[in-house]
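Peer 1: Attaching a single structure in structure tokens format; questions to follow.
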Amino acid sequence: MVWTVRDALIKALEELGEKSFKKFRNKLNDWKTEAGFNKITRCKLEDADREDVVDLILRSYMTSYGPELTVDVLDNIDEKQVALVLREDLEKVEGFKWRTKPQVEPQSPSGASSSASKSQVVPFVDKHREALISRCVQVAPILDGLMSKGLIMDEDYDVIIAEKTSQDKMRKLYMFVRSWSASHKQTLYEILNEKNHPLVEDLEQS
């Protein structure tokens with residue numbers, strides 16, 4: 001029985017023969033990742049076993065992007081059945097959700113009015129990203145709140161909290177935030193307001 005995202009990913013890679021596993025590692029290194037994510041270097045992948053590769057995927061891409069990327073790479077190397085089973089296994093993991101990709105809105109004929117409209121609805125956590133990264137000192141309570149709302153999982157918590165500084169923890173958290181819906185960003189705002197009201201108040205007045 002699959003318990004965690006890590007378990008599901010390991011199970012999938014264990015289904016690959018040695019030749020296919022080598023193809024997977026090579027393709028993973030060559031894969032064009034989304035903006036803000038760095039490729040896993042070839043030297044880290046060359047001698048990595050299946051569990052090592054999964055840990056690299058989760059550290060680099062976390063449970064928000066890592067599973068999606070793994071499925072895409074498996075599809076690309078023609079391991080479509082393994083990819084299909086992995087999708088099914090991931091959906092059995094308690095709390096796991098496929099991320100919502102940011103939608104690109106069509107441009108309106110009036111560029112100026114469109115820009116003005118967008119500027120009015122920029123979520124607080126996007127508008128004040130730089131300040132929140134630099135000024136949020138206590139990150140653990142924020143992560144606790146996000147876990148209680150089901151927005152991050154145990155594995156994500158561990159990856160974020162392992163960062164050395166509060167700034168690095170917040171940067172890692174923002175790797176999740178950028179793909180969240182407006183309602184999820186609003187939930188983060190509410191947690192920030194609860195856990196660090198003076199900072200939120202100061203930013204709102206700035």
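Note: Cβ is positioned from N, Cα and C throughout, glycine not excepted.
Pasting the relevant annotations from TrEMBL:
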- 1-92: domain 'Pyrin' (DOMAIN)
- 117-206: domain 'CARD' (DOMAIN)
Peer 1: Just to be sure I understand, if DSSP states are collapsed into helix, strand and coil, how many residues of the domain 'Pyrin' (1-92) fall in each?
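Peer 2: Counts, helix then strand then coil: 66 helix, 0 strand, 26 coil.
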Peer 1: Going by DSSP, how much of the domain 'CARD' (117-206) is helix, how much is strand and how much is coil, in residues?
Peer 2: 67 helix, 0 strand, 23 coil
Peer 1: Quick one: mean pLDDT on the domain 'CARD' (117-206)?
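Peer 2: That region's mean pLDDT is 88.
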